[in-house]
Amino acid sequence: MNRIASIRRTVRSLHSTASTINPDEIDFFSRLASQWWDPRGEFALLHRMNPVRVGFIRDKIIQTLDEDITPLDHLSPTRSARILDGMEALDIGCGGGLLAESLARLGARTTGVDASESNIKIAALHASADARLTTGINYRYGSAEEMVAEGKKFDLVCSMEVLEHVNNPRTFLTSCADLVKPGGHLFLSTISRTPLSYFLAIFMAEHALRLVRPGTHDYSKFVKPSELVEFFQHPDLAWISRTYGGIPIRKEAEIRGLIYNPLEGAWKTLPAGLSGTQCNYLFWARKPNLS
Amino acid sequence: MLCARPLLFRSACLSKSIPSRPFSKDSAAASYDVVIVGGGLSGLALAAAIGSLPLARELLNIALVDASDLTRKYNWNSDPHTYSSSVCSITNASREFLDSIGVWQHVEQSRTSPIESMQVWDGISNSRICFSNSDIDPGGSIFEMARLTENLNLHRALLHRLDEIPGRVELIDQVKVESITRSGTWPVVNLSGGRSLQTRLLIGADGFKSPVRSFAQIGSSGWAYPSHAVVGTLHHPSSNHPQHNTTAYQRFLPTGPIAFLPLTKEVSTVVWSTSVQLASILRSVHPDVLAHLINAAFRLPEVSIRYLHSILLERGADGITPESITEEIKFRENAHGIGPHSALYSSDVVSLGVGIPPIGSEAYPPLVHSVQAGSQASFPLKLSHADSYVGEGVGERTALVGDAAHTVHPLAGQGLNMGLEDARVLAQTIGEALSLGGDIGSYISLIPYHTARYAPNHAIISVIDKLHKLYSLTSPPAVWARSVGLEVLNELGPIKSALMGVAGSKTKQDMAEPLQHYGAAGWHAAATVVESLSGGIRTGKVVAGSLGGLVSSLVQNAAKNTRG
């Protein structure tokens, strides 16, 4: 009973703060939250996706670290095994803490934010069981907008499988971009708006195979990679200076298709570019340095 | 002097120096990332492989628990003329793995023997398959097919390697696992003496009766074969045998296969699988009687072997003297017209060891002069395969390797190699999870290990089991079918080389490439062949079914292998 009351409070408070968070969805995911950490449960697809998206984050970070090394530094590339050591990371829409825990284990001082209070409770509870995580992770109930208002900045901002659920993607993306330090990284994963994504993410995943609960996704909220590129290319942000055939240059942003093989039960990333981005995809962009 | 033992055991010393704590088990539970239960070869190899991961130093706290005295194995130092009868065949793939984790350099090379060829034949029809290095590469750039050594030699090497990895693997020996419980979702291993280890990931390397498997509620299926294996160390000095004792021999008798495995130029090991009653007699007969019986078992026609078995069963171990068994063997040799100039002659070992050996001697192992005192032993044979190698739900945060996951008949010498490959893949899986910030105990982190190992192990288990069953048949159609099968197989280079890929052969050019795919293809080819043979025999379609099926599957697989 307490939980339902807290969700009602959450919903009311969210209405009053005119946030981008959709109240119906908070209610929906709170009901699912207790199943977050069951690898064979309702979030099985997300559990299976996590290593792949962490791999994407890891590889982009390593690549930029390598490229940032000036010839002088080049003699001492002794990097810690924990590649995110010394970084501040933010996971927006952290859910039960799947990605946040991985970021913390890789060395980042991680903040996980979620619009569902019960998700935050589950995430904190789960992390507290692991002595190696207790110092590197911090969860808070709230929204990206609240973090912006507080003037917080991070080296690494991630928001995975969230964009396709928000009511006002433009405001949400602006907040995400604001939270990144100059020279920092933004990682998103979401679903494109194509006939294929309707067929796979809604018809097959929700209705035919029941991999995901029906009602999880709303086709009209799906975001195309080209729309993301356009958003970050706009002079207001100018994270992307130019594109070639719709593809941004490698040092500024990257799009990678993400496909699920139901027979292997495994996700796989495709090479950088627009091929295979008709359904799930990963997006990375780097905020320009002030200089 | 409390810690006069080598560096390796400082932790064990430490654990003993702490008196049992006054508070409850839970509050005393030390926290680990990996606890391995079982200090056998697979468990130690896994510890060395995980300990050698580049990320392990910073991120993992590892312990290995074993009931035996590991210090004795660490200090093993055998007299150069005595050999343990407990031996293993290490394929080239396994050796490459042991080398990559820094273990092979600690193996005493003078106590290992290369296998350059293998001779395998049918106990009834005598149809034979020969594997040699020329099958793989006629150019002759192959050095060997596998390496034989005493288990203790490898055991000691593993412990010495672990000693080199400071502070990373804590060895806790001479303790029993009293119980395994849970604290939240984390397993807690409660040891005799009151110590408790809470762990992120619990690995069962604890053998056939695996307590970790029971704790994880992972089922397993299998059965005990109605046979035991007898082992012994064989001495065959001043041999004039045409080979330099680098050939392994195996004869499939209806009671089970008998294998002759070289250890040095003058020393070998026998692994003789036979009925439980015969095994108990062979284990306790006078060593000289066993020596005569082994020589005869590789040479006399099957009908005479059966006769010798009936004498053993009638008189028991104490009722047979070396003289009486020699007389019996001589009698059978006379009956078959086998004289002193035949390669099948064995009743006068001493006179055969000098001068020019009879024609065809290389088809049989060197004549055994004596069995090393105290080396005779026997053990039961089993087949089992766990339903999963990774626990989930009530069994979460557990994984199984080696005999805890699978037990096979020793006829193909694959048991240890399967366990080492498990260790290699599990360590690699853990390394990958670490580099992705994963929780190494989670089902999601561990499932790639299960996926990579389950099917290949299953293929090996089923081929070994079917080979065993196939060769225990004595009906003429079955013998005919399997003999044709073996002879056809002997003529087909690609399948043979694939099978040898598993046996561990490789060319120097292949050194850089991982051997595992090669091996898997071989077992799949072999699985199909054996499937056709045994399927044909079972259904009675011996002529049309098995031969037709056999040839077509051979051709298909040959094509697959040459492509792949």
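The backbone N, Cα and C atoms fix where each Cβ goes, glycine too.
Because the structure is a prediction, the values reported are computed rather than measured.
The Cβ of A:Met160 (S-adenosyl-L-methionine binding site) lies under 8 Å from the Cβ of A:Arg53, A:Asp91, A:Gly93, A:Leu99, A:Phe187, A:Leu188, A:Ser189, each of these being in the same chain and 6 or more residues away along the sequence. TrEMBL lists A:Arg53, A:Gly93, A:Asp114, A:Met160 with the feature S-adenosyl-L-methionine binding site.
The Mg(2+) binding site annotation in TrEMBL covers A:Glu161, A:Glu164, A:His165. Secondary structure from DSSP puts A:Glu164 (Mg(2+) binding site) in a helix. A:Glu164 (Mg(2+) binding site) has a Cβ environment of 23 other Cβ atoms inside 10 Å.
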Review point. At the Cα level, what's the spacing in Å between A:Glu164 (Mg(2+) binding site) and A:Asp114 (S-adenosyl-L-methionine binding site), rounded?
Key: 15
**Study point:** Local Cβ density at A:Asp114 (S-adenosyl-L-methionine binding site) - other Cβ atoms counted within 10 Å
**Key:** 30
Review point. For A:Asp114 (S-adenosyl-L-methionine binding site) and A:Glu161 (Mg(2+) binding site), what Cα-Cα distance in Å is obtained after rounding to a whole number?
Key: 12
Revision key, fill the gap. By a three-class reduction of DSSP, A:Arg53 (S-adenosyl-L-methionine binding site) is assigned helix
Point to revise | Those residues of the chain, 6+ apart, with a Cβ under 8 Å from that of A:Glu161 (Mg(2+) binding site) | key: A:Leu46, A:Met49, A:Gly93, A:Ser189, A:Thr190
Revision key, fill the gap. Ranked by how many other Cβ atoms lie within 10 Å of their Cβ, the binding-site residues A:Arg53, A:His165 are led by A:Arg53
Practice item. Determine which residues of this chain, when A:Glu161, A:Glu164, A:His165 are set aside, have a Cβ within 8 Å of the centroid of the Mg(2+) site's Cβ atoms, and list them as they appear in the sequence. Key: A:Gly93, A:Val162, A:Leu163, A:Val166, A:Thr190, A:Ile191, A:His217, A:Lys221
